[in-house]
Structures are given as structure tokens and as C-alpha cells.
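A short worksheet on the structure shown next.
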């Protein structure tokens with residue numbers, strides 16, 4: 001292409017310059033001829049000199065014309081071709097790079113596609129304390145919060161039981177993804193599976209599709225949606241670490257559930273939100289976090305059984321609450337420290353005592369609760385209550401059931417041992 005441009009430009013310049021050079025040569029020869037005629041016939045020496053002069057002039061004219069006709073077109077052609085090639089290269093390079101990056105972005109943005117398809121069905125749940133009011137707005141303050149997702153267009157919402165129950169003197173509010181807020185009523189509760197449903201009076205809501213947890217594989221990509229720390233519409237992603245994590249391994253002796261373990265971040269406020277696969281289907285309900293990279297969700301297959309039983313109860317008009325009776329209220333969410341969990345905690349933190357063999361980890365404290373007023377903090381480890389050793393969460397429930405007014409609790413906060421006193425509330 002470049003060679004063709006050079007040849008074409010050379011031919012063009014030759015055609016343009018040849019007539020001018022020819023006229024110059026003709027004029028020069030006519031001048032020389034006139035001068036020789038005016039002198040007449042001179043001597044032989046004068047003629048020889050004149051002839052020698054004409055030969056030299058013709059030689060000089062022929063050399064200059066040949067050099068000009070060859071060098072100028074070639075130089076100009078090469079220069080123009082080089083400029084055109086460089087400009088053409090500059091124009092092509094960014095275009096190729098932009099197309100390549102755009103294609104890769106669309107190819108690997110699968111998580112964004114999942115969120116766009118199902119994010120509108122996720123809701124933010126607030127628990128309002130009706131005894132305490134904000135000084136400026138006059139509205140009840142938020143005692144705790146959680147997440148949920150719409151499973152029926154007529155306002156049925158699924159969440160965790162611990163998000164909405166065992167909280168006396170409170171009311172439940174639900175905020176949709178479009179910003180609208182509605183009061184909610186608790187329809188069904190099963191504390192055994194830690195599941196509950198809420199109802200708001202609105203219709204035409206976007207619904208979350210329910211998938212199958214039985215087909216999950218370890219290493220499969222999942223996305224956790226919810227409102228951690230009251231930050232609505234938060235998205236985290238990870239993989240399934242284990243599909244059959246037995247409740248006994250987590251110290252939950254009253255439950256017969258094989259939890260989904262994931263490294264997707266599930267923090268305070270994510271509880272009750274959906275854990276979805278790359279098809280945008282809920283395959284679990286976010287339940288609890290032990291530490292960074294270790295979180296658990298209730299498999300959706302257990303959720304379907306709960307929903308079927310709840311629908312049957314509603315048809316029969318029976319009581320909507322099932323499971324264990326409501327206990328005295330302390331205001332914490334806890335997890336038994338099994339050997340596996342202890343090993344993980346000790347490997348991730350240098351502040352864990354080496355001689356710690358058992359206890360209960362406090363991983364959430366509800367603001368305004370007796371535990372919060374007594375000084376408990378997330379991350380504390382309960383080792384004794386009323387001078388009795390605590391080995392699992394059942395021991396804590398037993399201490400609450402004893403009916404004593406105050407609980408004398410021994411905790412580990414880092415490497416320090418501390419004593420706190422809590423007065424639980426009656427239901």
C-alpha cells in the first residue's frame with residue numbers, strides 16, 4: 001500500500017514538473033543559439049570554446065533535471081507515506097484496545113447481572129423500640145435491623161426468626177428497594193429452623209425465585225444480598241465452602257439442619273437476606289457469621305418445607321407460631337465454639353487464649369437490649385453464668401430459664417477476663 005502511494009505520487013510530480021523544466025531548457029537553448037548567430041563565423045578556436053561551453057551547459061542541465069525528477073518525487077512520496085502510515089496506526093491502535101476491554105467487561109460482569117435480576121425483591125427490616133423516641137423526629141428509635149426478601153407478590157416476606165422475635169415493646173417496619181416503608185405483622189415463626197414470615201399490605205411486588213440447594217456444589221459462585229449495618233442494597237460475593245455443615249458441628253443441638261457454608265461476607269444486618277446462585281435464584285437464607293470468610297446460610301430446601309407447613313396452618317386457621325416458646329429476652333445472637341470453630345478463630349487472631357476449650361461466642365448485640373445495657377459486645381466469649389460453666393448455647397438458655405433476676409456473666413474479651421451483670425426482660 002505504501003509503495004503504491006509512493007509510485008503514484010512520483011508519477012504525479014513528474015507530470016507536473018516536466019513541462020516547466022522543458023520550457024526552461026528550450027529557452028536556454030534559444031538564448032545560446034541567438035548569441036552564436038550574432039557573432040557569425042569565428043575562428044576555429046572560438047567555435048571549439050563555444051561548443052565546449054554548450055556541452056558543459058547541456059551536461060549541467062541534464063544532471064540537474066534528472067536529479068530533481070528522481071529525488072524530489074521520491075523524497076516527498078516517502079515523507080507523505082510515512083505520515084499517513086503513522087496516522088493510520090495511531091487511529092487503529094486505540095480502537096482495537098477499546099473493543100477488547102469492552103468485550104471482557106461484558107463477559108465477566110455476571111454478578112452485576114444477578115443483582116440486576118433479583119435485587120429489587122430484597123427488603124430492609126427495622127425493629128422499632130416503642131418505649132424510646134428520637135429527640136428530633138419523635139419517632140421510635142431503631143433497636144435492631146435485618147434483611148428479608150419477597151416470596152409472594154401480595155406482600156409475604158421471608159426472614160430469620162431471630163430478626164423479629166424475642167423483642168418485647170417493639171414494632172416491625174419494612175422498607176422496599178424503591179424506598180417505600182410499610183408496617184409489618186409477623187405471620188409464621190419457627191424458632192427451630194430460625195425462619196419467619198412477615199406480611200405487609202401491598203401488592204404487585206417483585207418476587208425472588210426459589211432454587212434448589214440440593215444441587216449445589218462446593219466452589220460454586222454465590223451472591224449475598226442484604227442490608228448490613230443498615231446499609232441497604234449491599235452486595236457481596238463468594239463461593240460455597242461446604243454444602244453439608246451439620247448444626248451439631250456449630251453447637252446448635254436443637255436444630256437438625258445441614259447449613260451452607262460460604263466465604264461471602266455476611267455481617268450484622270445481612271441476616272434474613274437471600275443467598276442466590278448465578279441464575280438469580282435464592283438457594284439459602286443468610287443466617288450467621290462466625291468470622292471473616294466463615295458464614296452460614298439456611299438451605300432453601302428447608303425453607304420450602306417451612307413455607308408449606310405455614311401455608312397449611314393458615315388454611316386451617318391454627319396458631320401462626322411454632323417451635324419453642326418465647327424465652328426471657330437477653331438481646332444477643334450467639335454461637336457455640338466447637339473445636340473446628342475454635343481452631344479457625346485461633347488461626348485468624350492472636351488474641352485468642354490458647355487454653356480456651358469451649359464457650360459461646362457473642363456475634364451480635366441488639367442496641368438497647370439488656371445485654372447492650374450490661375456491657376456485652378460482639379466478639380465476647382461467654383465462659384460462665386452464675387458460676388456455672390458454659391459449653392454451648394443450650395447452657396445459656398438454661399440459665400435464662402432458671403428465672404433469676406440477674407445473670408452474673410464471665411466473659412473473655414481478647415485475652416482479658418471480665419465480669420458483667422445483665423437483667424433479662426420477661427416476655
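Glycine is no exception: its Cβ is also placed from the backbone N, Cα and C atoms.
According to Swiss-Prot, the region 'Disordered' annotation covers 33-55.
Residues annotated as transmembrane segment in Swiss-Prot: 66-86.
Per Swiss-Prot, the feature motif 'IAP-binding' maps to 78-81; the stated evidence is sequence analysis.
The average per-residue pLDDT of the prediction over the region 'Serine protease' (144-307) is 86, rounded to a whole number. Per Swiss-Prot, the feature region 'Serine protease' maps to 144-307.
As annotated by Swiss-Prot, active site, charge relay system applies to 162 (among others), with the evidence given as similarity to another entry. For residue 162 (active site, charge relay system), applying a Cβ distance below 8 Å and a minimum sequence separation of six or more within one chain yields 194, 271, 333.
The active site, charge relay system annotation in Swiss-Prot covers 194 (among others).
For 271 (among others), the entry in Swiss-Prot reads active site, charge relay system. Secondary structure at residue 271 (active site, charge relay system), taken from DSSP and collapsed to helix, strand or coil, is coil. Cβ contacts within 10 Å of residue 271 (active site, charge relay system), excluding its own Cβ and spanning all protein chains shown: 30.
Among the features that Swiss-Prot reports, domain 'PDZ' is placed at 330-415, with the record citing sequence analysis.
Residue 194 (active site, charge relay system) falls within neither a helix nor a strand when secondary structure is assigned with DSSP, and so counts as coil.
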